[in-house]
Amino acid sequence: MKKVSKAVEAENIVNVNLNEYSLNKTKEVSLSENKSIFKKVIKSKSKQKEGFDQEQLETAIDNEIARENKQRIRQKIKEINKTLGRTKLFNFGKGKAWPILLPFFVVMICLVIVPIISIIVYSVVQPSGDMKMFEFSLKNFIRIFSTGGIMRTIGLTIAYAFLAALMCIIFGYPIALIMSEMRSKILAKNMWLLVTMPMWISMLLKVLGLRSLFLIMAPSALGTQLAIIIGMTYMFLPFAITPIYDSLESRRIDIEEAAMDLGCSKFRTFWTVTFRSSMPGVITALTLVLLQAATSLVVVQYMGDGKITLITSIIESYFFKGSDFGFGAAISVVLAVFVFLLMVVSKFISNKFEKKGANSWKDSSDQLTLL
């Protein structure tokens, strides 16, 4: 008797017998639940095949049952997915960007919106006799505007920040211009790395290093206005170079070449074409440095050496050294309003210099005068 050694023939026999068994409508049963019945049916019919190995038959039966189960599971998963796809709950975010932006909004709400709201609430709510009861009051804001000391300190803080921002523009613009004129990409990348590297270092470490340098070279300069301005310039210079470089990198070189061909000098070309096209970046840099310098506390503490008091030092004293949280919160709100107004003004000026159709600067198309 010839013995069949191939498992493929055994699987074919199983498939044939299973098909014959499934034709019987009176015995529509699950393949996995009635494994023994199929085994008996197939065994009884396979005995007619001479030389068929019984072990191969058992293996073929197990493989067929596993295959059938996988197919049924996949079919059920497809049906579930189709059902969920028709459900509004799971189909609501399909093709929309909000699921991707949801973590960002959660972080912004927890770390920005909630603290701002809490500071505003602290500034207008005063505790009453009962610890659980609070009353609405504007006493803190009246106190700020009635006493000129706080307003003078805010003005002095903005003046320091504005001077530091101007210094960052003066020193940062040539660096950004040199970076934009570099032809070697490797040299430009290395220059960009040197500019952005200070952003990776802790602000406290940079201030302590600058303070140590002052103690070695000019200890008498600590605690002066010059030390604070130098400290702010040193801290926020990379934030001025980055937007200016981006603006210079995207400018049109052909306009500068056309101005040179028309007879303009290099200085005239730079002032009327290059600098004007980079004004949005300059204003952005001015705004970034101004906002950070006006709200900086570390520079004032370590470079001022306790001799100069700015608004951030006053806010810190009310929040951490005193018990009048409401007054400190009110000062923070007033400072935030001033900063917001500065942002609005800078945005308005920046939009004036952006050459975008009807919103372009009216004088941007003036003819270049020959020297």
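The count begins at 1 with the first shown residue.
Glycine too: its Cβ is placed from the backbone N, Cα and C atoms.
Given the structure is predicted, the values throughout are model-derived calculations rather than measurements.
Taken straight from TrEMBL:
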TRANSMEM  100-125  transmembrane segment
DOMAIN    154-346  domain 'ABC transmembrane type-1'
TRANSMEM  158-179  transmembrane segment
TRANSMEM  191-214  transmembrane segment
TRANSMEM  226-245  transmembrane segment
TRANSMEM  282-303  transmembrane segment
TRANSMEM  325-345  transmembrane segment
Quiz item: How about the transmembrane segment (325-345) and the transmembrane segment (191-214): at least 3 CB pairs under 8 Å, pairs 6 or more apart in sequence, or not?
Solution: no
Practice problem: Flag the pair the transmembrane segment (282-303) / the transmembrane segment (158-179) as in contact if three or more Cβ pairs fall under 8 Å (sequence separation 6 or more). | Solution: yes
